[in-house]
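Reading through the structure tokens given below for one structure.
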Amino acid sequence: MLAPFLGCRSHTDNKRDGSPVKPVGKAAHVGPAPRAHQRTEASRIQEKFSPAPASAQDAQKPATNGVLVQTKQGMEQEEENHGSLEITTAGLLNGDMGCAERSDDLSPPHVERTVSERNAENNAGNKAETEQRTEEASTNHNETKEQKLFKIASELLHTEKAYVARLHLLDQVFCSKLMEEANKGTFPVDVVKNIFSNISSIHAFHSQFLLPDLEKRMDEWASTPRIGDILQRFTPFLKMYAEYVKNFDNAMELLKQWSDRSPQFKAIILEIQSQEVCGCLTLQHHMLEPVQRIPRYEMLLKDYLKKLPDKHPDERDAQKSLEIIATAATHSNSAIRKSENLKKLMEIYEMLGEEEDIVNPSNEFIREGHILKLAARNTSAMERYLFLFNNMLLYCVPKFSLGGPKYTVRTRIGIEGMTVRETSNEDYPHTFQVSGKERTLELQASSEQDKAGWIKAFQETIEVFQQKNESFKNALKEVEEVSKAELGKRAPRWIRDNEVTMCMKCKESFNALTRRRHHCRACGYVVCWKCSDNKAPLEYDGNKMNKVCRDCYSTLTGERVTEDGKKERKGILEIEAAKFTESSIICGFLQHSDKGKLWQKVWCVIPEKDSLVLYLYGAPQDVKAQGSIPLVGYSVDESNRSTDPSHSFHLSQSKSVHYFAAENDEAKQRWLKVIRVAVTGETPERPHGNDANANMSDDNAQEADAT
């Protein structure tokens, strides 16, 4: 359990520590939590830097720390109005001990404001200016800066404690539990390793080195009031974040893939997420914390440098630390933007009823909104909704129903070849036209400003798309093509990295985090990691296995590779049923139903060469299968619905459910014996005494021969 890492802190604790108290909110920063009934070195230091109210009369005067002194009466009123403060688990799990965001204002809060001060604020109309004037009126500016430096250091320590708790959750709970199950053979160990990358190293660094040093420094703050030297000593180790950030997209993809594929994998994650320590947040949310941590260091360090007095001995170390952290933060910010985009894509995916395949790292959300579509045959206008992406426009119709999907996609229009222009219509103002290869739309915006916003968004999207395509086409013109006859027999000329901005196969844009450049060793094209995730022997390199693009892989090996990089057998559905039947583990007629469709008789085959796939044919001599079911990861269930025929069973995985029914119980058990092995990923054996048609009844065999 992570209870020791995730303790709550009350309003009373804050007062005992001597730290200025702020309500937990957008810009609240909570100081370190002391041990009960003990005066720590840090609390004594803060008492030194925190001014105490002298009298009720002084409460009307600016205090030395740049804020109004709070009287005892005001403190009691504040507690009566707001009660004690608590930091909730969810707030702590944000990595900032309840701080959702950080404010530039690091001074204690103004709890009770005098009439004169409220009038001053109203006249100025700007809270920041009022605080600035108050600070300028401070009688002791140096003391204010010392206090602010201490508060920044305290905040760094507290956010570090919360961050270490999050790392513990990722490393010692999620990763450990999944690895424990993976070692049983339920799913591959490498999957868990690739999802969590080097999180164990990051956890060890922060929990064993950085956090203990920060705690020790805060206890010694009176004699050594600085943190720059600690950060300067440890910032080189922050380079380990590059590996985690680079792997982040791949981790998210594996997490989604195996949650769908393995019920045990998904169950472990859901069980941990249901615990209180997770704060009702998903594993994906927790995994984003290391990506966000480096920019927070940068933000705190910038504030710290801003508050340092001139020629402070810590200035040099703090400045060096900031330079290193700022470089690392650049990469983290890119990953954060990428993750935010994927989150938005998932929201749109759910709004569309999970029917449109748009959750892809190459898709970038641009703009969305209500629009009116002018009818071509009359003067009516219909309500529509648009989703604009970097490569397409989704033209949608709102669904007027309670719950469920909000929109239905009417048309998907590609950005390639798209044009946009203003139009004039006497009856309908604010109109413009979007014309693509798939369809032309005349649309009406809600205002001239809305119209201008849409036109600008379309124009910029089209321009960026065209620029990327131009660089792609220019690179293609310079390629010295390797003929298919010579492919792999002679070394190609490699396209230079700087000559392209996108993968020359799938056209997805390159970036430093998620789309690195690779070269196909057969044709020399620059491709992304997905399109180069194949290996083939090349004759010019002594038939050694080399990375090649999917097209070259298909040419050299005869196997096809889909656009998502998955290999599929040549002619996977085009192979004749008779050829599969001749060398099958099991085959025969079964009744089949899925997605609420009517039951129909199909010829089912599990071939020896592809023993983990069930092929469905209309008849034993069909030249093409109606479909195929990759059995790995499916659950097998013999329970029957009231409407199911006798001897039925069903296969389920995620939202996919296939119902089958055999002619008799003996045939059903033969099928189940084979399928139960196949769903685990193991190669099933042919049932005892089974040949190509042994599992069919005489009637089925006669029907097969007649066909």
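In case you wondered, yes, glycine gets a Cβ from its N, Cα and C as well.
Copied from TrEMBL, the annotated features are:
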REGION    1-63  region 'Disordered'
COMPBIAS  10-19  compositional bias 'Basic and acidic residues'
COMPBIAS  38-47  compositional bias 'Basic and acidic residues'
COMPBIAS  103-120  compositional bias 'Basic and acidic residues'
REGION    103-145  region 'Disordered'
COMPBIAS  128-145  compositional bias 'Basic and acidic residues'
DOMAIN    148-335  domain 'DH'
DOMAIN    364-463  domain 'PH'
COILED    455-482  coiled coil
DOMAIN    497-557  domain 'FYVE-type'
DOMAIN    583-680  domain 'PH'
REGION    682-707  region 'Disordered'
COMPBIAS  690-699  compositional bias 'Low complexity'
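The stretch with the most CB contacts under 8 Å to the domain 'FYVE-type' (497-557), chosen from 148-335, 364-463, 583-680, is 148-335. Across all of the coiled coil (455-482), the predicted model scores a mean pLDDT of 74. Break the domain 'FYVE-type' (497-557) down by DSSP state and the numbers are 14 helix, 18 strand, 29 coil.
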